[in-house]
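Database features, via TrEMBL:
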- 42-293: domain 'G-protein coupled receptors family 1 profile' (DOMAIN)
- 24-50: transmembrane segment (TRANSMEM)
- 62-90: transmembrane segment (TRANSMEM)
- 102-121: transmembrane segment (TRANSMEM)
- 142-164: transmembrane segment (TRANSMEM)
- 197-223: transmembrane segment (TRANSMEM)
- 235-256: transmembrane segment (TRANSMEM)
- 276-295: transmembrane segment (TRANSMEM)
Amino acid sequence: WEINGSFYQPSAFLMMGIPGLEALHHWISIPFCALYLIALLGNCMILFIIKKTQSLHEPMYYFLSMLAVSDLGLVLCTLPTTLGIFWFNIRRIGFDACLTQMYFIHILSFIESSVLLAMAFDRFIAISHPLRHSSILTKTTVIKIGLAIIVRGMVSLLPIPFLLKRLTYCRKTELSHSFCFHPDIMNLACTDIKVNVFYGMIILLSTVGMDFIFIVLSYILIIKTVIGLATKEECLKALNTCVSHICAVLVFFIPMIGLSMTHRFGKNVPPLVNTLVAYTYLVIPPALNPIIYSIKSSHIREALLRALWRKRE
């Protein structure tokens, strides 16, 4: 412990695997390894196909590339500590290392939320103003949106590590997960955490919360436009282009909202439920997104089949 008068700060935290199932960690690691492998290979495949296929160099697939990069980042942030616990029972993580991991996990989550909003905007423009789509979402505009998303995430979350470093911590240093999460860390403090709670809620509502609201509004406008189309076939064709994005939104936002709620309001929620929600939030979306887009996007499928066919030849 580092002691400075009445100020106490742990040199390290202890991470938790799956409570009550510690004896089965080696077996539990098998599905986790499979999900991580699917996430790594799937998202790398998406990036490779989009880069190599000229016909996919358009806004929808540029945003999909951003989604794949954020998913890869989330996987690489949590994989070492999660598998370290399951394979080698390495539970200790340094205080500063924990804050660093927490910062990048939250940044990448916020980036993914913003990218999903940008993809909703892209679908709205493509369906409502198809003739102006290429002139509105130019390559330069997409790059500016991408940079704005990154800057927004980095700046809004920059105070969080410093707000945590100013706190005095208790002797208890055991986290609830195999990764570092802001509400989890601040709940170990012995001092008043109202500033942390208030700032965390404000940032969450003004970023992820607003993103979700605007995504819903985008789809309300999309449905309004689709209803006005002449034939049923045109309606179904327009809505079919949104199915994969809707799935990605649900896969990301439902576990994220659940995790935030259980940490802030679910004091009586069993630890196992809290842990499963956390893993669902951080492991499932990166693994499912490439599968969703590979199944639903005929352009991705065809490009993948062409790439595999060339390799066989």
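Yeah, the Cβs are placed from backbone N, Cα and C, and that goes for glycine too.
Automated prediction, rather than curation, is the source of TrEMBL annotations.
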**Prompt:** Do the transmembrane segment (102-121) and the transmembrane segment (235-256) share at least 3 Cβ pairs closer than 8 Å, excluding pairs fewer than 6 residues apart in sequence?
**Reply:** yes
**Prompt:** For the transmembrane segment (197-223), what are the same-chain contacts with Cβ under 8 Å, counting residues 6+ beyond its ends?
**Reply:** 109-110, 113-114, 116-117, 120-121, 123-124, 127-128, 152-153, 156-157, 159-160, 163, 182-183, 186, 238, 242, 246, 249, 253, 256, 260, 264
**Request:** Give the one range among 24-50, 62-90, 142-164, 235-256 whose Cβ atoms make the most pairs under 8 Å with those of the transmembrane segment (276-295).
**Result:** 24-50
**Surrounding residues of the transmembrane segment (62-90) on its own chain - C-beta under 8 Å, 6+ positions past either end** = 15-17, 25-26, 28-29, 32-33, 36, 39-40, 43-44, 46-47, 50-51, 101, 104-105, 108-109, 111-112, 115-116, 118-119, 122, 139, 142, 146, 149, 178-179, 248, 282-283, 285-286, 289-290, 293
**Prompt:** Near the transmembrane segment (142-164), which same-chain residues lie under 8 Å Cβ to Cβ, leaving out any that are not at least 6 residues past its ends?
**Reply:** 59, 62-63, 66, 99-100, 102-103, 106-108, 110-111, 114-115, 118, 182, 185-186, 195-196, 199-200, 203, 206-207
